[in-house]
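Enquirer: To start, I am sharing the structure in question, which I have written as structure tokens.
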Amino acid sequence: MQCDSNRLIQIVTTVRPKEPSGVELGGRPRVGAFIPQCDSDGRYRPLQCHGSTGHCWCVDSSGQERAGTRTPPGTAPKDLSIRGTFRPKTYCEQHRDSVQTTSPEGYPIPGVFVPQCDDNGQYRPLQCHGSSGHCWCVDSRGQERPGTRTPPGTPSTECVVGS
């Protein structure tokens, strides 16, 4: 099974066909939507993170969550093969981990943007807001590149890596 970021998975893990880029019929953003993360070959990234809640988990090659790997925001993945050797947190990881995604009562806060970091802890060149469906390119410091923001339901722009 290939990774299909054109499917929408709700946080309760019900799989449904997705309208373009995490929006409901009528073009409204689907709050709390999870869009699977794929690599350039169309395979599921082994570590999936919810762009709105910050929770992360490991998946197998068919995109199914591996039992016992789900972690709350700000904690390292439980799978040592993904975590690798210990290193200090990067700026992206610190930024991601500092975002408050739950209320004092422990409920998820919908609509919060959680930055996405790559496997080396650097900002992914393409950042997408899990609740609004907007995507944009960032530089190596996580700063939005002017003119790259795309509205929900439109194809993401190709982001140039570097700077």
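The backbone N, Cα and C atoms fix where each Cβ goes, glycine too.
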Enquirer: Just confirming the record: what cysteine out of C49, C58 does TrEMBL connect to C56 via a disulfide?
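Expert: According to the record, the bonded cysteine is C49.
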Enquirer: Which of these, C135, C137, shares a disulfide with C128 in TrEMBL?
Expert: C135
Enquirer: Report, in whole Å, the straight Cα-to-Cα distance of C49 (disulfide bond) from C135 (disulfide bond).
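Expert: Spelling it out, the Cα of C135 (disulfide bond) and the Cα of C49 (disulfide bond) are 16 Å apart.
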Enquirer: Applying a 10 Å Cβ distance cut-off over all chains shown, what neighbour count does C128 (disulfide bond) have?
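Expert: Its Cβ has 22 other Cβ atoms within 10 Å.
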